[in-house]
Every structure is written in C-alpha cells, then in structure tokens.
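Novice: Take this structure first; my questions come after.
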C-alpha cells in the first residue's frame, strides 16, 4: 500500500512538473490526499494521542532544519507586509510544503522505492514523447524554435532523467556494467538530448564525457570511449533532426539563434540585481521580481532562483532558502565522513536530487508548487530520517 500511494503521488507530481498534463491544483489535491490517507491508516492502528506524539517526535528529530522553513515563511510575510502584501499567498504554500515534509518524516519511503518510481517516470516521459511525435505531431509546439510541444515546452523534459544520472554513474563506476544499467542510462541521456534547452544540452554533453571517462578508467579502451562520444553525437543530432522535422522548423534558424544569442538571460539578471538593490534588505514581495523582455511582449519571471529570492524576500529570505536546500547536503557529507561508502550508497539518490535541484536554481526561477518540490521533499525526508536513526543508534 505504501508503494502504491507514494508511487502515485511521486509520479503525479513529477509528471505535473514536466507538464505531461495540465492541472492547477490537481497535484496539490492528490499529494495532500495521499498524506491524509496515510494518517488515516495510522489512526486506525493507533489512537489520536499516539499519532500526535509520532508527529512531535518527527519534528523534534529535525527541528534545526525546520528553523530554515520558519525563517523562509517569516521573510515572505515581512517582505509582503512592507509592499502592500504582495505575494503573501506564497507563505501559505510554503507552510503546506513544510507540513508535507513533516508528514514524509513520519511516512518515509526508502531510496530503493524512490529509485524505482523515478525510473518509471523516466520511461513514461520517453513514451509520452514518442507517442506525440508519432501519432500526434500536430501538438508539437511550433511557436518556438526549440524542442518541445504544446504540453511540454523546452526546459522540462530533462527533469525526467537527470536525477537518476548520478546513481547510474556510480553503478557504472564501481559495479558490474549491466545491460539494464546501460539501457537506463540511455533513456536518461536521450531525454536530455530531446529536451531542447541549454540546460539539457549542457548536462547531456557532460554526461556523455563522464561515461567515456568511466569506460577508459574501467575497461581501458580508448576506442570504446571514442565510440561512445561518436554515438552520443549521432544520438543528439538524430533527436534534434526528428524534433525539428516534426515541428517543421528550419534548423538554420535555430543555429543562428544559438550563435548570436538574444541576451534575455543577461537582461533577467540585471533586472533582478536592480530589484535586489532597490528592495534591500527586506525584498519587494514574493513574485515581484520580473524582467520586461521586449521580444516576449510581457513581464517574465527571472530565471535565477537565488537572485530572485534576494530581490523578492531580501537577505533573510536568501539565508533561509539556502538553508532549506543545503542543510540536507551538509548532513549527507557529515554522514559520509563518519561511515564511509555505506552511507554514500544509501543516500546517493536523495542527495543527488537535492543537489541537482539546487544547481537548477542557477538557471530556473524559484517555485512554490508541490509539483516541483515533492520529489525534493521526499529526498530531504530520506536524508533527515537516516540522520536521526544514525544519532539514535
């Protein structure tokens, strides 16, 4: 039952984050319903007082970490109060996110369960792409010169595979190289290749280079490593051709866009910095930092989470946001220094999810949606639960 409930919620939230389906509050309702169902099952086994005690114990075991969530909510309220209550609704969402995390500390899935569900998400994302390309080409997005379709614009497909790559790299490096691992790796890098974003392209290139180095280190075959590089280039070229052909878009236009650049991201960073300086030190309210891009014809959210948080929520908000993301990473590093490889094997997937999500903040805006956060919250819960068990023993 636990597998089914977590599987549904993780898959649904991940699919929503990748825009496999559209729903404003569907993912919130689904995740909160799963949490309510888990507590209902616990209440059927134990009394109300026992359940309350379990929740209190879960909070006490990780109270230091929840301080950052409390500070983040305070920073949202303070910045909104100083700016005509702009963005105050986000405080409610972050309180809900913290409540979901607390529930996950009570019902914590294993890393193996998380791995299986995420592989299912990756395979589903690939299947969805193939179905649209083959049977529904009219839904390919013709409005932009990048990969993607109306249901899934460029810059979201890479999320389906990137979180799994560190685990697959580790298995290729220290364990037997099996066909299952290679197929899983191929699925993940193909998702990166068809994503259409700069982020996906960069991670794709780094992944292929690292795989080539692993083959040189383990097999000692430079020819095989070169074959991997050539094969990856052909894979990426084929994926780009298929996508561009399906959207009837001339490749030369895309190449010219890549070469000349449009300065959009630089303009976003400048606008966010001006907002941070102008609203120092308390921020201008959640969601207040936007960039006015002439080619877009409308305000655009800044694609740099940390600078956006500094401008929106001020210094306190940035400190809290950094603590929310990097405190779990510090916990894992501490555990590895104490126990060595055993902790690394157990915590590699969750810490990879948190680390990659933190890295993506350099290229993407901050989010207050459960669709973006749920997989991260599950990973954080696994890390904190492992740490509390280690302290207890």
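For all residues, glycine too, the Cβ spot is worked out from N, Cα and C.
Curation plays no part in TrEMBL annotations; they are all automatic predictions.
According to TrEMBL, the record shows the following:
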TRANSMEM  25-44  transmembrane segment
TRANSMEM  65-82  transmembrane segment
TRANSMEM  88-107  transmembrane segment
TRANSMEM  114-136  transmembrane segment
TRANSMEM  148-170  transmembrane segment
TRANSMEM  177-194  transmembrane segment
DOMAIN    185-322  domain 'O-antigen ligase-related'
TRANSMEM  200-218  transmembrane segment
TRANSMEM  225-243  transmembrane segment
TRANSMEM  313-334  transmembrane segment
TRANSMEM  346-364  transmembrane segment
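Can you tell me where each of these features sits in the structure?
Specialist: Remote same-chain partners of the transmembrane segment (65-82), defined as residues 6 or more beyond its termini with a Cβ less than 8 Å from a stretch Cβ, comprise 59, 88, 90-91, 94-95, 97-98, 101-102, 279, 282-286, 312-314, 316-317, 319-321, 323-324, 327-328, 380, 384.
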Novice: With an 8 Å cut-off on Cβ pairs and a sequence gap of 6 or more, do the transmembrane segment (114-136) and the transmembrane segment (177-194) reach 3 or more such pairs?
Specialist: yes
Novice: Short question: which residues 6 or more past the ends of the transmembrane segment (346-364) have a Cβ under 8 Å from it?
Specialist: 111, 114-115, 118, 155, 162-167, 170, 198-199, 303-306, 325-326, 328-329, 332, 335-336, 375-376, 378-380, 382-383, 386
Novice: Average the per-residue pLDDT over the domain 'O-antigen ligase-related' (185-322) and send me the rounded value.
Specialist: 73
